[in-house]
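Per TrEMBL, the features are as follows:
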{"type": "BINDING", "residues": "R23, E81, R120, K439", "note": "(6S)-5-formyl-5,6,7,8-tetrahydrofolate binding site"}
{"type": "BINDING", "residues": "226-231, 245-251, 270-273, 346-348", "note": "GTP binding site"}
{"type": "BINDING", "residues": "S230, T251", "note": "Mg(2+) binding site"}
{"type": "DOMAIN", "residues": "216-365", "note": "domain 'TrmE-type G'"}
Amino acid sequence: MSATDTVFALASGAGRGAIAVMRLSGAETGAIVARLAGGLPRARHASLRPLRDPADGEVLDEALVLWFPGPASYTGEDSAELHLHGGPAVMTAVGGALAALGARPAEPGEFTRRAFLNGRMDLTAAEGVADLIDAETEAQRRQALRQADGALARLYGAWADRLTRLLAHQEAAIEFAEDDLPTDLGDRARDGAAALRAEIAAHLADGGRGERLREGLLVAILGAPNAGKSSLLNALAGREAAIVSARAGTTRDVVEVRLALVGVPVTLADTAGLREAADEIEQEGIRRARRRAEEADLVLAVFAADVAPDPETLAWVRPGALVLANKVDLAAAPAVIGGVAPLAISARTGQGLDALRAHLAAAATRLAGAGDAALLTRPRHRAALTEAVAWLAEAEAASLPELVSETLRAALRSLGRLTGRIGVEDILDVVFRDFCIGK
Ligand SMILES: Nc1nc2c(ncn2[C@@H]2O[C@H](COP(=O)(O)OP(=O)(O)OP(=O)(O)O)[C@@H](O)[C@H]2O)c(=O)[nH]1
Ligand SMILES: [K+]
Ligand SMILES: [Mg+2]
């Protein structure tokens, strides 16, 4: 299997549909499409053609054929699209004909991988394409589109360019020192490293919003048995997702629903009521409740207004938790619970739920709101940038010029891994373009 094979894949979803899009990419695309469609249409113009079986000339389908010669195509290679009638038999027949003509089925992500290998996009943009396909909500879609469009690629590429220039200055400083010429190039490299480090550090200090938006927020509902947790989940979800009953210990497992709040995907988790349970299954449910709450971005600590607050749930009244007094249709909400003024709600009558939704929306914006900023979205980005910051700090502190060079080079490698772009040649290019060293 080679990256230079001509590949094909169904670009639209599998199954029946009005139209299915079969996509091809690779050097043989033009020849294969010409054989199948009796000639190549004009580049980037849709043309209706019969597709014929190369073996016996039988018409397989009438298709819209689009021809995208490289390098101005998605993959950078010669590519084509066949818009077929969307039935399984059509797909099988056309797929068989393409294979008979020498193309092979593409691996998952292979079109985008080729686009990356051909320099059509960097790694972060390729990740953005994947995220765009997976996006469930508006805010996710905007963030993914921005990234696919190269927002992170431009930011990280500009940092890599600056770093390359600093490294070139530093190398030149070493050269000039050998010639006993006075120079402040070394200081300039060090100052530049400090400035760059501050910028990257500021980008890292985003509170994890981009990553949270990509992953979605986890909100866990905790409380004593019968506090009304499942009732609250159902009220917020707008459907009977969890069983509600007057019997304490109804919920045994974690019940989750997906919601979108201000465009942020949220998993709302209802859990087993916290108490000293004798029952083995209930104990396991409570263990799961606690584990989910530990993982949660936000805990809703639910108390019933008509009973005294239980110590198990009080232990979860900590910064980052939202304290709720439920059943305020039965009794007035206490002024404070665990030192915090609770939000008064009734899962039964709906009282206070709009205020709760507003609180949740504000939390979603605070924790995962991207606004217009290009935020990092993956642990991979965070790890590479954290590494670059550490190398830059070493460069600033290094006393030997060679060590400054070494550490700047390491920082550049970290950025290079992030974008998949930087090789040593880039540094050499700048050294020889920006400097006339004269020896
Ligand atoms: N009056 C009143 N009753 C409520 C309210 N919320 C829940 N209930 C009732 O309280 C009882 C327990 O509700 P659930 O939602 O099952 O409580 P839970 O916290 O999920 O209980 P477990 O799953 O056993 O931990 C049910 O009879 C609900 O109808 C409320 O706001 N007002
Ligand atoms: K219950
Ligand atoms: Mg329940």
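Every residue, even glycine, has its Cβ placed from backbone N, Cα and C.
Counting other Cβ atoms within 10 Å of each Cβ, the lowest count among the binding-site residues N226, S230, S245 belongs to S245. Close to ligand 1, meaning a Cβ under 6 Å from one of its atoms, are these of the binding-site residues R23, E81, R120, A347: A347. Candidate binding-site residues: R23, E81, R120, N226, S245. Those with a Cβ under 6 Å from ligand 2, in sequence order, are N226, S245. Remark: E81 ((6S)-5-formyl-5,6,7,8-tetrahydrofolate binding site) has A11, V21, M22, R23, L24, L64, V65, L66, F68 as non-local neighbours, by Cβ distance under 8 Å and separation of at least 6 in sequence.
When the binding-site residues S245, A248, T251 are ranked by how far their Cα is from the Cα of R120 ((6S)-5-formyl-5,6,7,8-tetrahydrofolate binding site), T251 comes first. Proximity of the binding-site residues R23, S245, A248 to ligand 3, judged by a Cβ distance under 6 angstroms to any of its atoms, singles out none of them.
On the backbone, the CA of A248 (GTP binding site) and the CA of S230 (Mg(2+) binding site) stand 12 Å apart. Counting in whole angstrom, A347 (GTP binding site) lies 9 from S230 (Mg(2+) binding site) by their C-alpha atoms.
The domain 'TrmE-type G' (216-365): residue composition by secondary structure is 42 helix, 38 strand, 70 coil, according to DSSP. The domain 'TrmE-type G' (216-365) scores a mean pLDDT of 97 in the predicted structure.
Annotation for K229 (GTP binding site): spatial neighbours I221, L222, G223, T251, D270, T271, G273, V302, criterion Cβ-Cβ under 8 Å with sequence separation of six or more. Shown in sequence order, P225, G249, T251, R252, D253, V254, E282, G285, I286, R288, A289 are the residues of the chain, 6+ apart in sequence, with a C-beta less than 8 angstroms from the C-beta of A272 (GTP binding site). When the binding-site residues A248, A347 are compared by the number of other C-beta atoms lying within 10 angstroms of their own C-beta, A248 comes out lowest.
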